[in-house]
Every structure is written in C-alpha cells, then in structure tokens.
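Positions annotated as domain 'Cytochrome oxidase subunit I profile' by TrEMBL: B:30-534. Per TrEMBL, transmembrane segment is recorded for B:42-63, B:83-104, B:125-145, B:165-193, B:205-233, B:265-283, B:295-314, B:326-346, B:358-382, B:394-418, B:439-457, B:477-497.
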Amino acid sequence: MSSHETHESYYVPAQSKWPIIATLGMLFSVYGVGTWFNDMKADRADSNGPLIFFIGGLFLAYMLFGWFGNVIKESRSGMYSPQMDRSFRWGMSWFIFSEVMFFAAFFGVLFYVRTWAGPWLGGEGDKGVSNMLWPGFEYTWPLLNTPDPKLYPAPSGTISAWGLPLINTILLVTSSFTLTFAHHALRKNHRKPLTLWLALTVILGIAFLVLQVEEYIHAYTELGLTLGSGIYGATFFMLTGFHGAHVTLGALMLSIMLIRVIRGHFSPEQHFGFEAAAWYWHFVDVVWIGLFVFVYVL
Amino acid sequence: MSAVIDPGHAGHGHAGHDHHHGPAKGLMRWVLTTNHKDIGTMYLWFSFAMFLLGGSMAMVIRAELFQPGLQIVQPEFFNQMTTMHGLIMVFGAVMPAFVGLANWMIPLMIGAPDMALPRMNNFSFWLLPAAFGMLISTLFMEGGGPNFGWTFYAPLSTTYAPESVTFFIFAVHLMGISSIMGAINVVATILNLRAPGMTLMKMPLFVWTWLITAFLLIAVMPVLAGCVTMMLMDIHFGTSFFSAAGGGDPVLFQHVFWFFGHPEVYIMILPAFGAVSAIIPAFARKPLFGYTSMVYATASIAFLSFIVWAHHMFTVGIPLTGELFFMYATMLIAVPTGVKVFNWASTMWRGSMTFETPMLFSVAFVILFTIGGFSGLMLAIAPADFQYHDTYFVVAHFHYVLVPGAIFGIFASAYYWLPKWTGHMYDETLGKLHFWMSFIGMNMAFFPMHFVGLAGMPRRIPDYNMMFANFNMVSSIGAFMFGATQLLFLFIVIKCIRGGKPAAAKPWDGAEGLEWTVPSPAPYHTFTTPPEVK
C-alpha cells in the first residue's frame with residue numbers, strides 16, 4: 001500500500017472536451033466505414049461513406065494530438081504523482097492484456113480449424129460425417145483445395161517460412177534489442193545513443209512493414225493466396241494483417257517518442273510514455289514469434 | 001471494517017486546489033465532466049432509458065404471444081424485436097447499470113478521490129449513446145434491423161443477414177471499446193487508489209466482485225470484437241471463417257461467441273452478488289457470514305466461466321468427449337454458487353432483520369436466483385438438454401437469473417444507495433409496492449415458461465400450438481404488469497431526487513463501509529485526502 005504522501009496530490013483533471021470529440025470521431029468513422037462497405041457490396045455509386053469516414057478520421061487525429069498533447073504537458077509540468085504513474089502503468093498493462101485476448105481469438109480459430117474442423121470436413125475424426133457435404137474433399141494444411149472451389153478458389157501455393165518471414169523475424173527481434181539498448185541509454189541519460197538506438201528501432205519496424213507489403217503483393221498476384229481463397233488465406237491474412245496494423249501503430253508510437261526524445265523530453269527517472277511504447281513494441285514482437293511458428297513454420 | 005475520518009477531509013475540499021470546485025452549470029457539465037459521480041449518474045440514467053426501450057420491445061413480443069396465431073406484428077418484425085430486446089437489455093441496460101454503480105460507489109467505498117483515469121471514464125460513457133444510437137437506427141434502415149437473435153449465429157448473421165448488420169457490427173465494436181476502457185479504469189482504481197489501510201481482504205465485496213468482473217470484461221470483450229470482425233470479413237471481403245465451403249465452420253462461430261458469451265453472463269451477475277452481499281448484512285444487522293469464502297467463490301466462478309462455454313452448444317454436434325467435459329465443468333459451478341447462497345442464508349440466520357425495499361429485493365434475489373440456478377443445472381445435463389434446447393425452458397432459465405438476479409440486484413442497489421446519492425429517503429410505501437408488483441409480475445411472466453418449455457414450445461417463434469395458449473396468456477399478463485410497474489420506479493426515483501425526508505449520512509442501522517462516513521448527498525468531491533482505514 002502506498003504511503004499517505006502519495007495520495008495527497010492525486011490529480012483529478014478538470015472538465016475536458018477530448019472524450020466527446022473522441023466519441024464523435026469514432027461514431028463518424030465507423031458509420032462512414034459501414035456505409036462505405038454496404039454501398040460497395042450493393043454496387044451503389046456515389047457513396048458518401050468515404051467522406052463521413054474521412055471527417056471522423058479528422059476528429060480522431062485532432063483528438064489524438066490534443067489529448068496526448070494535454071497529457072504530455074501535464075506530465076512535464078509535474079502534475080503527476082508516483083501514484084498517478086502507477087495508474088498509467090496498470091492502465092497500459094491491462095490494455096495490452098486486452099490486445100493479447102484479441103489475438104487469442106484469431107489464434108484460437110486457427111487451432112480449431114487445424115485440429116478439428118478441417119480434418120472433420122476431410123472425413124476424419126469424431127465428426128468425419130461432415131465429409132458427406134463435399135464427398136471426396138481431402139483435407140491438407142496448408143489448404144490448397146477448398147471444399148467448394150467455385151465460391152472459394154484455392155491458392156496455388158503458400159509463403160515459405162524461410163524467405164521473407166525469416167528475414168522479418170530477424171528484423172523484429174533485432175528491433176526489440178535495439179529498443180532495449182535505447183531504454184538503457186535513457187536510464188543512464190546518454191541522450192545521443194538513446195536517439196540513435198530508438199531511430200534504428202523505428203527504421204527496423206518500417207523495414208518489416210515494407211517486406212510484409214512485398215509478401216502480400218507476391219501472395220495476391222502470383223500465388224492466388226487471397227482473403228477469399230478459403231480458410232488458409234482468411235486466417236493467414238487476418239493474423240498477419242492485424243499484426244501488421246499493430247506494428248504500424250507501434251512504429252507510430254515509437255516515432256512520437258523519438259520526436260519527444262529529440263525535443264529533450266524524458267528523464268532517467270520519469271519516462272513512462274517511452275516505457276509504454278516499449279511494452280507495446282515487445283508485445284507486438286511476441287505476437288510475431290507466435291505467428292512465425294504457427295502460421296508460417298508449422 | 002471500520003474507518004476513522006477527519007471530517008474536514010470528507011466534505012467539500014480545501015481552498016488552494018483549483019480542481020476542488022463544485023459542478024459546472026448547464027448541459028456542458030455532463031458532456032465534459034470528469035467527475036465519477038456525474039459519470040455514474042449518466043450511466044444509470046442511460047441504462048434506465050435502455051431498460052424501458054428494451055422493455056417496450058418485450059411488451060411487443062408478449063402482446064404478439066398473448067394468443068396463438070399472428071395478430072399484431074409480422075414474423076420478420078418479431079425477429080427484430082427478440083434480437084433487439086436481448087441486445088439492448090444485455091449491453092444497454094444491465095452492463096451500464098453496473099458500471100454506473102461502480103463509478104458512483106467504488107471510489108466512495110475505497111476512499112479514493114475519483115476513478116483512476118477520469119477523462120477516459122467519460123469517454124467510456126459517451127461511446128455508449130453513440131453505439132446504441134447507431135444500433136437502434138438499424139430498425140429504420142432498408143431491410144430492417146438485426147433479426148438473427150442476440151446470439152447472432154452465423155450464417156444467419158452473415159450470409160442471410162439484412163444489410164444493417166454492418167452497423168450492428170460496428171455498434172458492438174463501440175460497446176466493446178467502452179466496456180474495456182471502463183473495466184481498465186475499475187481495475188486501476190481498485191488496485192491503486194485504495195485508502196491507506198484498506199487491504200485487499202478488507203475491501204467491501206461489491207469492490208471485490210467488480211474487480212473480478214473487470215478482469216472478465218478485459219479478457220472476453222476483445223474476443224467478441226474478434227468474433228464480429230470475422231463476421232465483417234465474411235460479409236464484405238470473402239473470407240470463409242464461418243463457411244464450410246471454404247474450409248471454415250459455422251460451429252466455430254458459436255465457439256468464439258460463447259467463449260465471450262459465457263463469461264458475459266457472470267459479468268452481468270457478479271456485481272449483483274457484491275451489492276447483495278452489502279445489503280443483506282445491513283438489514284440483518286450482522287456481519288456478512290464467510291467473507292473470505294465469498295471472495296474465493298467469486299474467483300472460482302470467474303475461473304470456471306472460461307471452461308464451460310460449449311454447454312450452450314450441446315445439440316450442435318460436438319464430440320462426445322466435449323459434451324462430457326462441458327457438462328461436468330458446468331455442474332462444478334454449482335459449488336461456489338452454493339457457497340454464496342448458503343453464506344447469504346447464514347448471514348440472515350438469527351439476524352435482527354427488517355424488510356425495507358433494498359432488503360426485499362435482496363431476499364427475492366437469493367430465492368429466485370437460486371431457482372434460475374437450479375434450472376441451469378437441469379440444462380447442464382447434456383442428454384436432458386437435447387430435450388430443452390431452444391425451448392421456452394431456456395428462456396425461463398435465463399430470465400430467472402437475469403430479472404430477479406441482475407435486475408433485482410440493481411433495484412436493491414438503487415434503493416440502498418439512493419439516500420446517499422440524492423440526500424433524501426425514497427418513499428418506502430411506493431418502494432414496497434414496486435417490489436411486490438415486480439415480484440408478482442415477474443414470476444407470473446416467467447414461471448409458466450418452464451412448463452411450456454418442457455412441453456416443447458420453441459423460443460423465438462411468433463406463433464404456437466393451441467395447447468400452450470393458457471400459459472402464454474398468463475405470461476403476457478405478468479409481463480405487462482412487470483413492465484408497467486417500472487414506470488412506478490421512474491416516479492419513485494424522480495420523487496426522491498426532488499424531495500423527501502432528509503437522509504442521514506448513514507440512513508441504514510446496520511450498514512457498514514466508507515460510503516456512509518460522508519454526508520448525504522455525497523459532496524461533489526469526496527476523499528480528496530484519503531481516510532485512514534483501521
């Protein structure tokens with residue numbers, strides 16, 4: 001339990017406009033996206049979905065700059081007690097746990113399909129009777145033949161683990177190390193190595209993303225491996241795609257930390273913004289290891 | 001648990017801290033607020049509005065089922081009513097009500113100045129009107145609103161869904177983000193903002209049950225988000241997660257959904273357990289029997305909730321091993337739940353009991369929730385479930401745990417803490433009338449459903465066999481009575497806010513806890529300096 005002193009100065013902020021702006025931004029974004037998707041599906045021209053989505057995006061960008069700017073200002077003017085710092089730490093930890101569970105849902109789907117649903121459709125196991133739906137369907141993983149190829153044309157091949165994915169693994173694992181070096185430099189207040197290691201981390205992250213895009217282009221144009229190519233493509237793109245989105249977000253967070261470092265923010269004692277971004281980056285790295293093993297290798 | 005407070009610290013704060021002012025004026029007070037009491041109040045009013053809206057949909061359903069045959073609505077609209085009734089009650093009425101109670105009471109119970117992350121707290125709230133505005137607007141869209149049941153099984157909700165399903169999916173995303181942020185706030189508040197001396201095992205049970213509920217929320221709301229995201233991809237981008245033609249599996253949808261869905265039912269009941277564990281000792285004038293076992297029982301229920309989900313899927317065609325595992329695991333839940341029921345009964349044993357409205361709702365909670373628990377045990381028996389599945393017996397079961405469980409828990413909490421919120425006592429006579437009308441109405445509505453269910457009446461169908469006519473008419477009359485009675489509750493609350501006998505700081509003899517050490521109504525800022533708990 002914390003001491004009496006740390007409770008005295010718990011910072012309860014005054015009224016704030018950011019929550020309602022964030023809400024409006026989210027509402028417009030999702031309403032715009034929903035309209036857009038529905039209009040695309042129904043082949044309706046002149047959808048106003050993209051415009052609404054764009055307006056929502058502007059709101060969200062304004063909110064992110066404003067809200068985080070606000071928090072940074074408060075933090076730098078010393079309004080946050082050690083107790084407030086702990087609230088942020090708990091908040092970030094549980095946010096990352098919620099992200100873990102989000103990925104767990106997609107990993108769960110992958111395991112379920114590979115362990116049960118797939119073999120059953122192929123006529124094996126407890127519910128092998130499902131094979132009567134598409135008699136003669138043979139289950140393999142990676143799934144290079146779908147039960148109904150007219151609806152879901154199967155891919156002609158899949159991505160080998162030992163090409164780009166291996167390079168990407170090396171890139172991301174290396175970036176976790178460079179980020180840790182940056183953190184050690186920050187703790188010792190060695191600003192120059194801090195800037196360099198952090199910049200290198202961001203560059204490694206961006207390199208990862210470039211290679212990932214390269215891989216997607218290869219899959220779509222040469223292998224016929226698409227979102228619509230059956231359950232292999234669906235799990236492959238959703239898992240790696242959401243991971244890629246998280247790498248993008250993580251790289252963005254680290255870039256902002258880099259700008260703050262260059263502007264002289266953070267002290268060896270107080271730098272939770274940096275640590276939160278680092279936690280997120282390591283989380284993204286661990287998810288990639290899971291992906292590399294279960295999506296690419298096995 | 002006892003607390004010694006320096007009275008100067010409990011009231012309106014000290015000069016010199018710029019944030020210790022009273023509430024701002026006008027509408028913007030509510031839009032921009034960071035105050036846990038304002039946000040709690042907004043959550044509670046929002047939830048009550050949704051309760052009335054979801055309730056009116058139930059009235060449409062019961063009006064149609066008053067007699068066999070089709071009288072009032074078309075089957076297509078009936079489906080939208082059952083779907084929206086479930087979604088609005090679960091995500092719009094019950095969950096926000098408990099978050100509202102958490103916002104109001106957790107800081108008061110643990111001696112904290114506010115929630116840990118006050119701005120995010122307001123964000124969590126305002127996402128809900130946005131989400132439900134969008135969800136409700138689907139009813140007016142071409143093709144109608146969601147019509148696939150609140151469990152939105154694929155392929156009903158993908159291949160065969162109306163176009164508005166896209167907005168339903170995004171509404172669920174917004175609700176999920178709101179719940180996750182709210183839960184993170186609760187966890188951070190409880191773990192970090194307790195007053196000195198308030199150890200974990202001295203926390204009131206409402207705080208304990210909410211800590212565990214928040215953990216469940218953070219663990220399963222992202223899985224729901226993943227589930228609806230896969231639906232979105234199947235609908236718009238040609239993936240085959242829930243289509244066997246591409247190697248996926250519609251049963252997979254049910255696994256993912258119920259992995260969220262089963263912990264979800266505990267999310268809706270654990271805070272009620274906590275509230276009742278505060279109210280029964282207060283009106284029995286005895287400390288809660290078995291505090292420690294209550295904590296461990298709650299944690300066990302939460303753990304078990306993760307490994308029982310497929311008991312919702314016994315008839316869908318899962319392997320025998322699965323049926324057996326999920327049957328036995330489900331039955332295990334009866335053990336910690338039984339611990340709780342016996343503890344409540346033992347707390348009342350030889351107590352000096354009085355039966356004010358909160359106590360009436362709490363005692364009814366214990367008895368009727370237990371009935372719902374027993375019908376749950378019947379449903380847990382896999383071979384028997386083959387007979388009960390998708391009948392009105394299931395409807396009777398989950399309404400018995402949700403109406404006299406979750407909803408009565410919320411009513412009990414509202415009456416118990418209204419004096420603290422408003423500074424006035426509510427009208428006890430009207431409160432008792434509200435209780436008895438609700439009690440009779442609710443039992444009349446849902447008890448006959450056990451019989452028609454066991455006799456084979458299927459759920460979610462607007463018409464039925466002549467032989468079910470009498471019981472259904474009784475059900476409908478009970479439902480109308482229960483529904484109308486809730487307008488009385490609205491009247492009682494407004495009356496209490498506008499005036500009434502002034503409430504003392506501790507209006508209930510046997511009540512314990514820090515919330516009763518501050519004046520009634522609770523000042524806008526409380527515990528700006530933490531109390532010392534001994």
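A Cβ is built for glycine as well, from the same backbone N, Cα and C atoms used for every other residue.
Here the transmembrane segment (B:265-283) does not lie next to the transmembrane segment (B:42-63) in space: the count of CB pairs under 8 Å, restricted to residues six or more apart, is fewer than 3. Residues 48, 51-52, 55-56, 58-59, 62, 403, 411, 414, 418, 422, 424-427, 430-431, 433-434, 437-438, 440-446, 448 of the same chain sit 6 or more residues outside the transmembrane segment (B:477-497) yet have a Cβ under 8 Å from a Cβ within it. If you look at the transmembrane segment (B:42-63) against the transmembrane segment (B:125-145), you find at least three C-beta pairs under 8 angstroms, all six or more positions apart, and that counts as contact. Contacts between the transmembrane segment (B:394-418) and the transmembrane segment (B:83-104): present, as 3 or more C-beta pairs lie under 8 angstroms, all at sequence separation of six or more.
Here the listed stretches are B:83-104, B:205-233, B:439-457, and the one with the most C-beta pairs under 8 angstroms to the transmembrane segment (B:125-145) is B:83-104.
Predicted-model confidence for the domain 'Cytochrome oxidase subunit I profile' (B:30-534) is 97, expressed as mean pLDDT.
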